[in-house]
Amino acid sequence: MHPRVLAGFLFFSWTACWSLPLPSDGDSEDLSEEDFQFAESYLKSYYYPQNPAGILKKTAASSVIDRLREMQSFFGLEVTGRLDDNTLDIMKKPRCGVPDVGEYNVFPRTLKWSKMNLTYRIVNYTPDLTHSEVEKAFRKAFKVWSDVTPLNFTRIHNGTADIMISFGTKEHGDFYPFDGPSGLLAHAFPPGPNYGGDAHFDDDETWTSSSKGYNLFLVAAHEFGHSLGLDHSKDPGALMFPIYTYTGKSHFMLPDDDVQGIQSLYGPGDEDPYSKHPKTPDKCDPSLSLDAITSLRGETLIFKDRFFWRLHPQQVEAELFLTKSFGPELPNRIDAAYEHPSHDLIFIFRGRKFWALSGYDILEDYPKKISELGFPKHVKKISAALHFEDSGKTLFFSENQVWSYDDTNHVMDKDYPRLIEEVFPGIGDKVDAVYQKNGYIYFFNGPIQFEYSIWSNRIVRVMTTNSLLWC
């Protein structure tokens, strides 16, 4: 990620707007006129350069397709220049109000603070949390950045601080209005005088310290990144990615992309509690290994660490998402997954628990324990799973064994477990992930995948794991 000039304090003048002929995907017949108007507004807000007076540059009107392409590229979508369901879904996700483009040539250089000791002041509070909860969230959010830089943050209670923090609704005094519940959550301004560094939070949102509503700590940590001079990142695993995703209750660790960005401005600190920071996986890494694979309504989901790639059958470029985008109830990292097409369900496993999802929605009464499937107590995790729709059987792989589950009678088959090498000779004694396609089973073991013929019961081809992602 590169720290660039931000547009947080460039004001919008909607009197200068015009109609943009937004192209659509011919297959997306369910898109409404309201959807197209929303998409136009989104692109104007986040992908059109403005001049210092806040007026949209008229040269941008002829480049609507380019802006749509830029937005699709930024979020790792298939770049078509046409509005489709996937693009619209991304546009409708809750996000930061700072634009994603860096074409704001009104500043001579990248902005950063010229000092390491900064002050902040909480001007007012949200009624959603106690004062102490709000103060704790902001204190933690600043610590995210001070842990990896020489920066120090001190709270003051009166006067003007470097970073003034406030809650407001709709038009709240900076000519950059909020939009009510969801949508735009907050915005912040880059280092500088007046509004410079200030962070504003939409009080029409429900702010929480949990997975419900919007977690104030996570949003604040992101906004304070802007207050320090960081732009949005294209890395979906970065804190500075513009879309909000709840990342879990466990201790937050600043991703490597954000560390590199902030240290390029202020240098490293000497009190970083972590020797390593989480990195987003590279799909073309020759040593790539996988955690799980499953199909979902014709698409393929490929899980690695706290992410999954979404691979469309007619596309080469895979889209990368956080696993938590399924929902905050899911774990950050999973062990196994499989689809049950006739029930329109996928099952996701982590440790001794599993979840059932219909599409991207988690079913009630989950998670359940894997012991309910018939696994004995000594089985601590499922490493891979594969469902056969025609026979109603599901194979579960755990350590060096494979189990066969009868989905019709909801019992384990009597002749199992068996050794993996005995049932599928040649693939090794463990399976990281597995899926089937066109009469072949694909077993993944570290950086290697085996193409196994169901008809001849033998390996017919050995490939690299990353070839699944067209590398």
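For all residues, glycine too, the Cβ spot is worked out from N, Cα and C.
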N-linked glycosylation site: annotated position in Swiss-Prot, out of Asn117, Asn124: Asn117
Cys284 - recorded disulfide partner, Swiss-Prot, among Cys96, Cys471: Cys471
Per Swiss-Prot, the range holding motif 'Cysteine switch', considering 86-93, 94-101, 422-429, 446-453: 94-101
Residue from Asp231, Asp235, Asp256, Asp432 that Swiss-Prot also lists as binding Ca(2+) 4 with Asp291, Asp335, Ser383: Asp432
Binding-site annotation, Swiss-Prot, Ca(2+) 5: partner of Ile293, Ala337, Val434 in Ala238, Ala318, Ala385: Ala385
Binding-site annotation, Swiss-Prot, Ca(2+) 1: partner of Asp203, Glu205 in Asp128, Asp270, Asp272: Asp128
Same-chain residues near the repeat 'Hemopexin 4' (428-471), Cβ under 8 Å, at least 6 residues beyond its ends: 283-295, 300, 302-303, 309, 311, 316-318, 336, 383-386, 388, 395, 397, 399-400, 402, 419-421
Assigned element (helix, strand, coil) containing His222 (Zn(2+) 2 binding site), judged by DSSP: helix
Surrounding CB atoms that lie within 10 Å of the CB of Asp335 (Ca(2+) 4 binding site), all protein chains: 24
C-alpha spacing of Met240 (Zn(2+) 2 binding site) relative to Ser383 (Ca(2+) 4 binding site), in angstrom: 32
Spatial separation of Glu205 (Ca(2+) 1 binding site) from Cys96 (Zn(2+) 2 binding site) - C-alpha basis, Å: 13
CB-centroid shell, 8 A cutoff, Ca(2+) 4 site Asp291, Asp335, Ser383, Asp432, site residues removed: Leu290, Ala292, Ile334, Ala336, Lys381, Ile382, Ala384, Val431, Ala433
Mean per-residue pLDDT computed across the repeat 'Hemopexin 1' (281-330): 91
